[in-house]
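Visitor: Positions annotated as DNA-binding region by TrEMBL: 69-129. Sequence annotations record features per position, and here TrEMBL assigns compositional bias 'Acidic residues' to 307-317. Annotated domain 'Homeobox' per TrEMBL: 67-128, in sequence order. Per TrEMBL, region 'Disordered' is recorded for 306-340. For 39-56, 140-160, 274-298, the entry in TrEMBL reads transmembrane segment.
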Amino acid sequence: MFQTLYSYFWWERLWLPANLTWADLEDRDGRVYAKASDLYITLPLAFLFLVVRHLFETYVATPLARLLNVKEKIRLKATPNAVLEKFYAATTKHPKQADVEMLSKKSGCTVRQVERWFRRRRNQDRPSLLKKFREASWRFTFYLIAFIAGMAVIVDKPWFYDLREVWKGYPIQSMLPSQYWYYIIELSFYWSLLFSIASDVKRKVGCGSGALWGQGGRCGDVLAGFSLPSWWVSGTSGLGGCGAEILETRGVWGRWGIMHCTVVYPLDLYPAFFGYYFFNFMMAVLQSLHIFWAYLIIRMAQKSDREETDNSEEEEEAAAKNGPLSNGHPVLNNNHRKTD
């Protein structure tokens, strides 16, 4: 059963143009071709990246945070409450007014106390400022190095300037050592992010693997080279820069440049086959995700990214002592008679 599925999966007519076989991609005459087995090395390298990341965040990012005066904000913790905690974990972190009133009756707390509890509980789940700084510093450093290395690898290649060169001789295109290690290191890094997915943002692994395994090295080079440097995006705190990156570079160039290269140019060389449709389907999915991410980023940019605080609680206490407040300050009584 397994052998049958294996044979169907590696059927040459799925992944190669007509009149080509896997034998045509065997290493010979000093020419080395990409193989699926090359991906195995990325797994141990991913664990090595996790070790390097830990050392970097401990001995580089943390001292840098202190140097830049990045401090942790003291957060008030929510008082343990089984009723509210169960609703928070199982239903929603943002209860509606009807839910608040219902929880007030069940928990024996006032409506104001329930609202304050959920506000503090949400703040407890927010990543700390130092954690954000460490992660951003690590990604900034990696993407900066990867961008410089990627440009150094591709800048002297003809397909960097003429996208038709991407498909010249495809798929019988030998893998250059610089291409091989660039892909291996990039994939290892993304695997490391996948292993730490509980605390990190999800990243794309499948497209890079497909580019290397599917003999799409040149196309992957161009896609990586013409994306606006991710190191810059990781190093900027504003959502506007990230949105511009996705909208402009990955939206405009990705749609009209890379998509045109992968959809139109191959048909000049050979009839469409399954691998052609599969690769372009993955590209279309990735493009759709970029548009969706851009939409989410624009929505986030319209809202304040400030952490929720207990200002309302402080205002209530201040109002009891000093009278009503406006924007956190006492309201002045200007109804007194003006003296000459």
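If you go along the chain as it appears here, the first residue is 1 and each next one adds 1.
Placement of Cβ uses the backbone N, Cα and C atoms for every residue, glycine included.
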Visitor: Mean pLDDT over the domain 'Homeobox' (67-128): what is the value?
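Guide: Summing pLDDT over the domain 'Homeobox' (67-128) and dividing by its length gives 88.
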Visitor: Could you give the number of helix, strand and coil residues in the domain 'Homeobox' (67-128) as assigned by DSSP?
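Guide: Secondary-structure breakdown of the domain 'Homeobox' (67-128): 36 helix, 0 strand, 26 coil.
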